[in-house]
Amino acid sequence: MPRARPREETSATWSLLPLQNPMAVAMHRNIAQVPLTSEPVMELGLDVSFEDVAIHFSQEEWVLLDKAQRLLYCSVMLENLALVASLGSCTGMGDEDVTCEPAEEVVCNTSPSPQETHLLEIPVPALEEAWHQNEFLSTQPVQTLDLSRTGSGLKEDSNRHWKSYSGEKSCERDSHRATAMSSCRSHGLTEPFIRGKDGEEALSSIAGVQQQGACHSEQPSTGCLQQQATCIREQPYSSAKCGQALLNGEKHCKDGECQKGSSCKHTLVQCPSASSEKRPSECSKYEKAFSCSYKHAQHQDSHSGKRTHEHSQHEKPFSKKCRLNTQDRICPQERPYKCTECGKAFIYKSELVYHQRHHSARVHYECVECRKSFTYKSNLTEHQRIHTGERPYQCEQCGKSFRQNSSLFRHHRIHTGERPYECSECGKSFRQIFNLIRHRRVHTGEMPHQCADCGKAFSCKAELSQHERIHSGEKPYECSECGKYFRQFSNLIRHRRVHTGDRPYKCSECEKSFSRKFILVQHQRVHTGERPYKCGECGTSFTRKSDLIQHQRIHTGTRPYECEECGKSFRQCSSLIQHRRVHTGEKPYECIECGKAFSQSASLIQHQRLHTGERPYECSECGKSFSQSASLIQHQRSHSGEKPFECSDCSKPFTHKSDLIQHRRVHTGERPYECHDCEKSFSRRSNLVRHQRVHT
């Protein structure tokens, strides 16, 4: 039975407790405090029970204690309980050598759990129950002990003491338990928060003490029984409604109505007094309501793509603070969960289970529109936005919207200029990590994606997909203006500029604009004089790589472009296109001055100089100017005496290639120019013109 208190205790009395030590607390309650060593008790042969050293509080008194007083109270009670347990297990009768029954040791649950963190908030009757439960102690074998030097009667009294709690005082414990449960429910707690896992009491997680009994073993090296408990895990959030706090008293997440706190934002418990149907916060974009304002704020962040919480070490952003806290607890280098199929490692077990669906090839979710199947529901949700056209994530800067939140987050880096992914080899940075991975293959030379038809390898899968359309002939992108199809979407975008006349790339030197960026880069080399592409055979340099490739065909003799009509082959694709117009008679380039048409744009440009009188090519020797660069080159040979064209039959050299062609007709007898009036033929066109004057 609890001891009768000799005097009335008030709240003012309890406010002085933080200034007193455990001994003073016990003296204040007129309860004898047993020293924290068992030797004096052994020598005096006292009959000690746990009730002799216990301190009892009512619920009204317990509420008045602050967190330091509660922790001190629990620590002292654990010490006393450990001491009484060691005394009860190490005493015997008389001078006989007996073997003690297996003692029970205080075992602490070191695994973190929500139940442990709520321990200091439960009322004192529930703590009293926790001390007297048999499940609180786990059995540990003890060595055979020599108890001849100990007093008699302690074991019997101790056994009677524990029996009284398990038998005679069962009704009292039941009433304590009922009171504790009702009090806990009023605080928003239920029984699982009081009892630990597998029946162990939550009290086992309180910061405890290590006690050694003064028992003597037959073997000198055998240690005595030890009891210890571990420190309680601090939780930064608590319930302010009940007037209780935990160790540090911080409350990061609060419900607006009941001011109840939580250790994580997404686990904030709603006040039981609040109506479950009341949802004061509503999204203005979607008709979705939230019971807590912080959830509404998180939902709105998902539309804007904000990630307000950033890890201090890894500079990784998070949209929720609880995910940031998880990142603090586990370093990304620690990935304990490894896939047995592909060897990929993960930080969390749930991620491993999520990943293993790829290997199982199970299809769970199917689109009702196109019957496409997906392994994960989130992928199906994102896919369905293609059919609905929904783009819920909008950029606040430019108004561009996206189907996925991650796409909006990456898009924000265009406005901020952030490039978080840097190459360790060359220092080049990128906005997206897959661009960095693809760039690294430039240094390593890795080409993991290979074409099954021609064996050509590529550094990224997108390039392989585009290349495979060459074999399949697929051109999925169609121009809405002219109906022309393209293999790549980027080619369609560039083609549209033909219709719109858009030239977004402008030269800063001469104000000339271009429809494509790489053409601007090539043009700027005219101003800088840069010629980065050099021929390994003759040392000739070029401003464009395509010019170098075409030039190298002169050395190799390669003519990959062949005409289907006459079989003539060419080194350049543009030359083949121009040649085909000879067969079709197409002349798309027309002079606006005289209406004369040409098959090549270069011929039109040269012709227009006749109307303008422009002669941009001037000889540096004599100052004579020409309208065509070829004419200037031919003229300069008259000063140098160079005759590069030689006849293979008679070895006669010529200054111009046209002169060589006409000369060879002397050896072949060819006369391609024929008069329509008398059917007379000539080897030169000039001779035909002179002959036709006879008929006129």
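Note that the numbers count up from 1, one per residue, in the order the chain is shown.
Each residue, glycine too, has its Cβ placed from N, Cα and C.
Fair warning: this is a prediction, and the values are worked out from it, not measured in the lab.
Residues or ranges marked as domain 'KRAB' by Swiss-Prot: 48-119.
Residues or ranges marked as region 'Disordered' in Swiss-Prot: 300-319.
Summarising the annotation, Swiss-Prot assigns zinc finger to 337-359 (among others) and lists sequence analysis as the type of evidence.
Sequence-distant contacts of Lys349 (SUMO2 cross-link), defined as residues of its own chain at least six apart whose C-beta falls under 8 angstroms from its C-beta, comprise Tyr337. What Swiss-Prot lists as SUMO2 cross-link is Lys349, and the listing cites similarity to another entry.
Under the heading zinc finger, Swiss-Prot lists 365-387 (among others). Sequence-distant neighbours of the zinc finger (365-387) (same chain, 6+ residues past either end, Cβ-Cβ under 8 Å): 354, 357-358, 403-404.
According to Swiss-Prot, the feature zinc finger maps to 393-415 (among others).
Swiss-Prot lists 421-443 (among others) with the feature zinc finger, giving sequence analysis as the kind of evidence. Sequence-distant contacts of the zinc finger (421-443) (same chain, six or more residues past either end, CB-CB distance under 8 Å): 410, 413-414, 459-460.
As annotated by Swiss-Prot, zinc finger applies to 449-471 (among others). With helix defined as DSSP H, G or I and strand as E or B, the zinc finger (449-471) counts 11 helix, 4 strand, 8 coil.
The DSSP breakdown of the zinc finger (477-499) into helical (H, G, I), extended (E, B) and coil residues amounts to 11 helix, 4 strand, 8 coil. Annotation source Swiss-Prot lists zinc finger at 477-499 (among others).
Among residues of the same chain six or more beyond the zinc finger (505-527), those with a C-beta under 8 A of the stretch's C-beta atoms are 494, 497-498, 543-544. The zinc finger annotation in Swiss-Prot covers 505-527 (among others) and rests on sequence analysis.
Here the zinc finger (533-555) is broken down by DSSP into helix, strand and coil counts: 11 helix, 4 strand, 8 coil. Per Swiss-Prot, the feature zinc finger maps to 533-555 (among others).
The zinc finger feature in Swiss-Prot is assigned to 561-583 (among others); the stated evidence is sequence analysis. Helix, strand and coil residue tallies for the zinc finger (561-583), in that order: 11 helix, 4 strand, 8 coil [DSSP].
Under DSSP, residues within the zinc finger (589-611) fall into helix, strand and coil as 11 helix, 4 strand, 8 coil. Per Swiss-Prot, zinc finger is recorded for 589-611 (among others), and the stated evidence type is sequence analysis.
Per-residue pLDDT, averaged across the zinc finger (617-639), gives 90. Taken from Swiss-Prot, the feature zinc finger applies to 617-639 (among others), supported by sequence analysis.
Annotated zinc finger per Swiss-Prot: 645-667 (among others), in sequence order, evidence recorded as sequence analysis. Residue counts of the zinc finger (645-667) by helix, strand and coil are 11 helix, 4 strand, 8 coil (DSSP-based).
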Going by DSSP assignments with H, G and I as helix and E and B as strand, what are the residue counts for the zinc finger (505-527)?
11 helix, 4 strand, 8 coil
Sort Lys349 (SUMO2 cross-link) into helix, strand or coil using the DSSP assignment.
helix
Counting each residue once, how many in the zinc finger (365-387) are helix, strand and coil under DSSP?
11 helix, 4 strand, 8 coil
